[in-house]
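*Asks:* Supplied in structure tokens, the structure appears directly below.
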Amino acid sequence: MSKCHNYDLKPAKWDTSQEHQKQRSALPTSRPGENGIIRRRSSIEELKISPLFVVRVLVAAMTIRFTVITLTWLAVFITLLCNKEVSVSSREGYCGPCPNDWICHRNNCYQFFNENKAWNQSQASCLSQNSSLLKIYSKEEQDFLKLVKSYHWMGLVQSPANGSWQWEDGSSLSPNELTLVKTPSGTCAVYGSSFKAYTEDCSNPNTYICMKRAV
């Protein structure tokens, strides 16, 4: 008989600890869909806005709105103010056409003549140019005449009938228009400055001012 060999028929024991560890390491660390949930949570957290940020945004919006409203009202106010100034200046400063070399002021034409003549001659010179000697009718509208420094014949004379002072057109002198400084012999008047006139002998030669209404 042949010899019987003793074989160890016990099932072989495999060291499965390392194999199991490999398998566990190969398994996914999260459940299916968990990564998507995490990403969504991160996005939601990013979308969260702090209350301080909201307050800053509101303050900025209110500031911009207030600035826009303020600028709008300021523009309206400036426009109205400019229109008012233009209308007033246009009305007061309007002056129609005047002859060459004449001064136009408040719708009247003025000419200063440097030649010396008696009052009657000065009056005739103005009449030849469709004008009359200077008449003061409003300090406000003839304000530029206060700057005149020399003496000029004007259209003011003393009436021989009653001794009153009248303009060429027959109207009486108003003390609110002109201050008249009288001398014993003068029956005509020269304009000085600052709305003051001085009586003088009508035969004395003086320069004169002609005046007429602008067309």
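Note that the numbers count up from 1, one per residue, in the order the chain is shown.
Just so it is clear, glycine is given a Cβ too, placed from its N, Cα and C backbone atoms.
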*Asks:* Determine, on the basis of Swiss-Prot, the cysteine among Cys4, Cys210 paired with Cys126 in a disulphide.
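*Replies:* Recorded partner, per Swiss-Prot: Cys210.
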*Asks:* Which number gives the other C-beta atoms within 10 angstroms of the C-beta of Asn162 (N-linked glycosylation site), all protein chains shown included?
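*Replies:* Around the Cβ of Asn162 (N-linked glycosylation site), 7 other Cβ atoms lie within 10 Å.
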*Asks:* Taking residues 6+ outside the transmembrane segment (52-74), which of them lie with a CB under 8 Å of any CB in it?
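*Replies:* Distant contacts of the transmembrane segment (52-74): none.
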*Asks:* Restricting to the chain of Asn130 (N-linked glycosylation site) and a gap of 6 or more, list residues whose Cβ falls under 8 Å of its Cβ, or answer none.
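*Replies:* In sequence order, the residues whose Cβ lies under 8 Å from that of Asn130 (N-linked glycosylation site) (at least 6 apart) are Lys212.
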*Asks:* I'd like the per-state residue tally for the domain 'C-type lectin' (105-211) from DSSP, helix first, then strand, then coil.
*Replies:* 14 helix, 42 strand, 51 coil
